[in-house]
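**Q** Got a structure for you, questions after.
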Amino acid sequence: MNVDNNRILKDKTFDKSRWIQMPRNVVVGHDALLQIPGIIDDLGVAGPIMLLSGATTIQTVGARVAELLQERPVTTCLVGRITYDEIQRIEEAAKEAGSVLIIAVGGGRVIDTAKVVSYNLDIQFISVPTAASHDGIASSRASVVTDAGNVSVAAQPPLAIVADTGVIATAPHRLLAAGCADIIANYTAILDWELSHRLTGEAISEYALTLSKITAEILVNNADLVSHNDETAAWIVVKALFSSGIAMSIAGSSRPASGGEHKFAHMLERLVPDSALHGEACGLGTIIGMYFHGGDWKGIRASLRRIGAPTTPKDLGISNETCVEAVLRACEIRPERFTIFDTGITREAAVAAVEALYEV
Ligand SMILES: NC(=O)C1=CN([C@@H]2O[C@H](COP(=O)(O)OP(=O)(O)OC[C@H]3O[C@@H](n4cnc5c(N)ncnc54)[C@H](O)[C@@H]3O)[C@@H](O)[C@H]2O)C=CC1
Ligand SMILES: O=C(CO)COP(=O)(O)O
Ligand SMILES: [Zn+2]
């Protein structure tokens, strides 16, 4: 059933209750893909299936999943950018096919699209991440691109997650490193949430906050193990991504995992689309956010370096000026979410922060 906590909270009848929705089955490990037919049966979802994938991932993992489903009625649909137009197109296709279940095989965009489409159509979906590149694999939020920048919308968490460590370990290391950076971003997301709590009285969830923080700490403690691609690294990062997603589900918002560093990343994506992976831009934003918080920004940078994630605009192939612009304009994204980037940073301060990224 669809749950929009924001909508529910506006209704006085429900102002003392909130729904937390979680995945029911989580299968992580080698050849986990092979368990998809059994998982569908276990969930008791019978009827036409929509296989949602990306242009690249359909050729490899998507094709393998299609083969596993060949006994069942399946419609395949490919996803590009996640916009409301794309969402509507896929909704129409799912309605026409009478789909009762979506299986999303791909990166964050594919999975977020499935979350929104399944939420709007009130059908179920299974998340099959092909890379450990983002912490949206389990969360009940989705990030949609609009003219005003990325918006975080209520969406459906997956009924099941199937993370095949064999598949994830063969994805390019850049994707794994981006996923780690998306988790390391929790450090500043939490600081921003606490700052907003102190300055604006925004409600905080101690459980969501603590889970988000512990997740980032465990990942950083294992930085050496995730600095290369193997199934151990895939396991460690998938567990962290899952845990971070659960923190978002507990909070009923992306707050525990998305603060000013994400606003910076969404602005960078708007200024120079596709110049970086989501997690890479968030990692850069985390160093800058920690610098402004007066925290151990060099420690964050060292962890990102160890994992193999970019730490400067140059690493991303963008100019320092563009990076400064993203720092100054991060506050335009989701202005209701107060963060360190919403405290009136001057151009001089932004330039100094970006130059500091190159310090040895
Ligand atoms: N809902 C939530 O809580 C969250 C949502 N997100 C969203 O997720 C998206 C970012 O996810 P990404 O996965 O970084 O981006 P993405 O979905 O664009 O994928 C990045 C690239 O990786 C490729 N790829 C995926 N698996 C592969 C494999 N096994 N081998 C080779 N290439 C592979 C894809 O084809 C694509 O070109 C953004 O839209 C972001 O806003 C990110 C974090 C949390
Ligand atoms: O990316 C996220 C957490 O890593 C959440 O997405 P938003 O920044 O769109 O809320
Ligand atoms: Zn993120």
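Backbone N, Cα and C define each Cβ position, glycine as well.
All TrEMBL annotations are machine predictions without curation.
Here's the feature list from TrEMBL:
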type	residues	note
BINDING	Gly108, Arg109, Val110, Ile111, Asp112, Thr130, Ala131, Ala132, Ser133, Ser139	NAD(+) binding site
BINDING	Asp135, Asp182, His266	substrate binding site
BINDING	Asp182, His262, His278	Zn(2+) binding site
**Q** Give the distance between the Cα atoms of His262 (Zn(2+) binding site) and Val110 (NAD(+) binding site), rounded to the nearest whole Å.
**A** 19
**Q** Using C-alpha atoms, which one of the binding-site residues Gly108, Val110, Asp112, His278 comes nearest to Asp135 (substrate binding site)?
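**A** Spatially nearest to Asp135 (substrate binding site) by Cα position is Gly108.
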**Q** Can you give me the Cα-Cα distance between Ala131 (NAD(+) binding site) and His266 (substrate binding site) in Å, rounded to a whole number?
**A** 20
**Q** Would you list the other residues of this chain near substrate - those whose C-beta lies within 8 angstroms of the C-beta centroid of Asp135, Asp182, His266 - in sequence order?
**A** Gly108, His134, Gly136, Ser143, Ala185, Ala257, Ser258, His262, Ala265, His278, Gly279, Cys282
**Q** Among all the protein chains here, how many other CB atoms are within 10 A of the CB of His266 (substrate binding site)?
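**A** For His266 (substrate binding site), the 10 Å Cβ neighbour count is 26.
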**Q** Filtering Gly108, Asp135, His266, His278 (binding-site residues) by proximity to ligand 1: which pass a Cβ cutoff of under 6 Å to any of its atoms?
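**A** Going through Gly108, Asp135, His266, His278 in sequence order, those close to ligand 1 turn out to be Gly108, Asp135, His278.
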**Q** Filter the binding-site residues Gly108, Val110, Asp112, Ser133, His278 down to the ones within 10 angstroms of His266 (substrate binding site), Cα to Cα, kept in sequence order.
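**A** Checking each Cα against His266 (substrate binding site), the hits are His278.
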**Q** Can you list which of these binding-site residues (Val110, Asp112, Ala131, Ser133) have a Cβ closer than 6 Å to ligand 2?
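**A** None, by Cβ distance under 6 Å.
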**Q** What binding-site residues in Ser133, Asp182, His266 place CB under 6 Å from ligand 3?
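**A** Correct list: Asp182.
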**Q** Please list, in sequence order, every residue of the chain apart from Asp182, His262, His278 whose Cβ lies within 8 Å of the Cβ centroid of the Zn(2+) site.
**A** His134, Asp135, Ala181, Ala185, Ser258, Glu261, Ala265, Gly279, Ala281, Cys282
**Q** Between the two most separated Cα atoms in Gly108, Arg109, Val110, Ile111, Asp112, Thr130, Ala131, Ala132, Ser133, Ser139, the residues recorded as binding NAD(+), what distance in Å do you get?
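**A** Output for NAD(+) binders Gly108, Arg109, Val110, Ile111, Asp112, Thr130, Ala131, Ala132, Ser133, Ser139: max Cα distance 16 Å.
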**Q** Sequence gap of 6 or more, Cβ distance under 8 Å: name the residues on the same chain that satisfy this around Asp112 (NAD(+) binding site), in order along the sequence.
**A** Ile82, Gly136, Ala142, Ser143, Val144, Ala155
**Q** Who sits close to Ser133 (NAD(+) binding site): which same-chain residues at least 6 apart have their Cβ under 8 Å from its Cβ?
**A** Gly107, Gly108, Ala171, Leu175, Leu176, Ala178, Gly179, Asp182, Leu277, His278, Gly279
**Q** Looking only at Cβ atoms, how many others are within 10 Å of the one on His278 (Zn(2+) binding site)?
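**A** Excluding its own Cβ, His278 (Zn(2+) binding site) sees 26 Cβ atoms within 10 Å.
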**Q** Max CA to CA distance in Å over the substrate-binding set Asp135, Asp182, His266?
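**A** Max span of the substrate binding residues, Cα based, is 15 Å.
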